[in-house]
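Features reported for this protein in TrEMBL:
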ACT_SITE  C71  active site, proton donor/acceptor
ACT_SITE  C182  active site, proton donor/acceptor
BINDING   D7, S8, Y39, G40, N72, T73, T183, H184  substrate binding site
Amino acid sequence: MTIGIFDSGVGGLTVFKSIAENFPEMDLFYLGDTARVPYGNKSPSTVKRYSEECASFLIANFNVDALVIACNTASSYAIDFLREKFGIPVVGVVAPGSYQAVKTSINKKIGIIGTNGTVKSRSYYNAIKRINGDIDVYQKACPLFVPLVEEGRIHHEITDMVIKEYVGILHSKGIDTLILGCTHYPLLKKRIKSLFPSLNIVDSAEAILKDIENLNIPFKENGKREIFVTDDACSFEKFAQQILGETKISEVNIEK
Ligand code: DGN
């Protein structure tokens, strides 16, 4: 039994890592759409089309039993569409992250950071309000975080300044809980925590694990792991190493 995981690029390897560590026996196939990254500023219809092509690749080549959308932007726009289209279980990051935040917030003021696309979609906002309409929800798009992480500027004063600017806006609203609503932000978690130590930080890459367990897919021993990208595997190997250590990535063409 196998799980296909996809993301707009290699940031979703934070989700892959969390699943691989917690379900060592699962067969995992990962696809990062590096030819068309970022999804964060694309329109909903484009994100749906790209997501469909990623899902088709994983289903056609590995006959996956379930899909995990590691990308927050694609989870925001394409999850219902993919469930309907392919008829297999599809797990995204938005619902698990939202539940975790509602469960752990004490003062019922929650902040969300994500790409422009995720924030515009209001996916986390709506998911939280559906769970508990009394919660105050504040969002902030943080488009500078993805390039800073991809440029390896995690421990850098520029990144600290940007964190203070973005997260400071939400912090001043009195939030006690912050959802990291983008694949790249778990890499900034320690920096955010050190600048805003009182915040309860919800990492969607971890919150998703319960939903995967609930799929009740029988495991094999020694699960296979394969990672594919749609462009320039060599340059992405370096970034992937920040997340997974030594990593082999193969290149594929998925466009119809
Ligand atoms: N994977 C995207 C997300 O989680 O929203 C971030 C990278 C991007 O496409 N901008």
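Just so you know, the numbers here start at 1 and follow the chain as drawn.
Cβ coordinates come from backbone N, Cα and C, glycine included.
Source: prediction; values computed, not measured.
Across the binding-site residues listed here (N72, T73, T183), the residue whose Cβ sits among the most other Cβ atoms within 10 Å is N72.
Distance between Cα atoms for T73 (substrate binding site) and C182 (active site, proton donor/acceptor): 8 Å, as a whole number. Across the residues annotated as binding substrate (D7, S8, Y39, G40, N72, T73, T183, H184), the widest Cα-Cα separation comes to 13 Å. For the pair formed by G40 (substrate binding site) and C71 (active site, proton donor/acceptor), distance between Cα atoms is given as 9 Å, rounded to the nearest Å.
Long-range Cβ contacts of C182 (active site, proton donor/acceptor) within its own chain (separation 6+, distance under 8 Å): G11, G40, N72, T73, I113, G114, T115, T118, C142, F145, V146. Note on G40 (substrate binding site): other Cβ atoms within 10 Å of its Cβ, all shown chains, come to 27.
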